[in-house]
Every structure is written in C-alpha cells, then in structure tokens.
Amino acid sequence: MKLTFTKMQGAGNDFVVLDAINQQVDFSTEQWRRLADRRFGVGADQILVVERPTVPGCDFRYRIFNSDGGEVEQCGNGARAFARFVSDKGLSRERSIRVQTMSGIIAPRLEDDGSVTVDMGAPVLEPAAVPFDAEGLEGHLEGRDTLWPLPLHQGVLETTVLVSTVSMGNPHAVQVVDDVDTAPVAEMGPQIEQHLRFPKRVNAGFMQVLERKHVKLRVYERGAGETLACGTGACAAVVAGIRRGLLDSPVRVSARGGELSIAWAGEGEPVYLSGPAVTVFEGEIEL
Ligand SMILES: N[C@H](CCC[C@H](N)C(=O)O)C(=O)O
C-alpha cells in the first residue's frame, strides 16, 4: 500500500506526518514501528496522524505514535509540526486551530516569525493522575512542589533520585541535575521510564537550571529513547521548576536540538509552548 508522508522536525525532534483525511491510514503496531525505523523505514521519533475531528468545536484530530509503535496522549513539538503541515497542505486556512487529542484539546497558532505557539492546556499535578504510584513514599516538599524519591539500581549500587511528577496529558518525571552534558541519561533514563511506580511508563527529564529564566534540558522519552528535544518534557520541566521556586515564566529551554520557550502563569492555567516547526522532505513509501 503506497503512503505519502511529510518528514518534519521541531528543535530536532523528528516526525513522519501522515494525512489520514485524504488517504487510508490504519496500521498495526509493527507497521508503525517499521515506518519509524531509521533503517527499515523512513525514521522518526514519532508518527503524527492528521484526521477529521470526532468532537465538536475542533478542526482536526491528532494521533501520535512513538517509534516503539505505541499510541500516546500528547506530543508538544509534534503539535507545532501538525499546525505547519495542515496549513502548508491547505487543509486549513486558519492561523489558529483547535486540535482534538487523546488527552484533550490543544490550540496551536502560527506566528508571523515562522514559529508556532501551542496552548498545551493546564498541567495535571495530582500524582495518581500522572499516573504515579506514590503509595508508601514520603514526598519532600519544595516550594509548591513535592519531590518523590525513586530508588534505582546502578549495578550493585542502589541510588535514589528525587523527581517531580507532572502530566501534560502524557506522564513526566523531572529531576534537576548539575550538568545535563554529564548526566547519566543513557543509564538512568530507561530505569526511570520503566519504573514500576509509573503504570503507563514515563518520560524522564534531566534539567540544569542556568538562571531563573533559562534551563538546559535532556529527555529520555517513553517509547522513543533520548530525543534532541521534547516539547511536553520542556513544559513539564518548567512547571516543576516554577513550582519548586527555581524559575520565573517565561523560560527559555535549551535542548540539544534547538530552543523552546515555555510560559505558565500557575496552577490551573495553560502552559504555552513556542518553537520551530520545519518541513524536511516529502516522500512515498510502500508499507
Ligand atoms: N514520548 C512521549 C510522546 C512524544 C512527546 C515529545 N516528543 C514531545 O514533543 O512532547 C510519550 O510517550 O509521552
């Protein structure tokens, strides 16, 4: 079956974007994996699917599949690529659209400077809703945030990391490190991602605070491994940093693949994610 796709990236987080309005897109987990495979397929961190909405008041439905083939609730960098795609393909002539996702409605807006700003909705902070199983754990209060001790095994050693837990529709565990470049992302990332206290697994963020309005961030993503940038991870890290009293909105987030900007006015308020959305190439593939 021939499939047309557009390859896109936002701060180095890369995507295969599929128009499922004008072509049949209905794949198995294995086929999603193959499409995302960097040797046997096109290659991407996530596959983004554009559909007609099924809820009133929305312009599109947005589905997201990680490179491991699993469908997930939200993708921030992908939301910017989505908005650029539907505009470039003439599927929408609006600069601001409302998009239905598995975790609620988001609202991307195309900016005059070519960037895209997305209302990502309000973060969910109740541990059980992240979801995170805090049963029997003693949280450490810091500012308005609670840091949870996660026991990890490194060889015969057992270490404990303190994480903030935040949902942006998808789950995040954020820790502050002294230096992202030397942080043990490759070793610790998978251990946190698959930690039993996260029943849906989790995206593991490693944030270095440079100053109150500027951080560096690396994220070992659920279902994709470390990516060059993670939009929802940047949102979650800034929300945690503001709640801990470390950051002031808006915050510049320097990821390995580029720069994002996050603004948040506090509990109950939406998080705004701004950054680039770039088309790399178009193609066709037989799947
Ligand atoms: N790996 C994430 C989905 C993609 C998120 C990230 N690429 C972003 O820009 O938000 C998860 O399983 O929740």
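Just so it is clear, glycine is given a Cβ too, placed from its N, Cα and C backbone atoms.
Feature annotations, reproduced from TrEMBL:
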BINDING   N13, Q46, N66, G76, N77, N170, N203, E221, R222, G231, T232  substrate binding site
ACT_SITE  C75  active site
ACT_SITE  C75  active site, proton donor
ACT_SITE  C230  active site, proton acceptor
Cα proximity to the residue listed as 'active site', best match among recorded positions N203, R222, C230: C230
Least surrounded among the binding-site residues, given as N13, N66, N203, T232, when other CB atoms within 10 Å are counted: N66
Pairwise CA distance, N77 (substrate binding site) versus C230 (active site, proton acceptor), rounded so that it is a whole Å: 7
Between the residue listed as 'active site, proton acceptor' and N203 (substrate binding site): CA-CA distance (Å): 9
Nearest of the binding-site residues (N13, N66, R222) to C230 (active site, proton acceptor), judged by Cα-Cα distance: N13
Check: same-chain CB within 8 A of substrate site center, minus N13, Q46, N66, G76, N77, N170, N203, E221, R222, G231, T232: D45, I64, V72, Q74, C75, G78, V219, A224, T227, C230, G233
T232 (substrate binding site) - helix vs strand vs coil (DSSP): helix
Same chain, 6+ residues apart, C-beta under 8 Å of the C-beta of R222 (substrate binding site), given in sequence order: N66, V72, N170, P171, E193, K200, R201, V202, N203
N77 (substrate binding site): tally of other CB atoms within 10 A of its CB: 36
Helix, strand or coil at N77 (substrate binding site) [DSSP, three-state]: helix
Cβ packing number for the residue listed as 'active site, proton acceptor', 10 Å threshold: 34
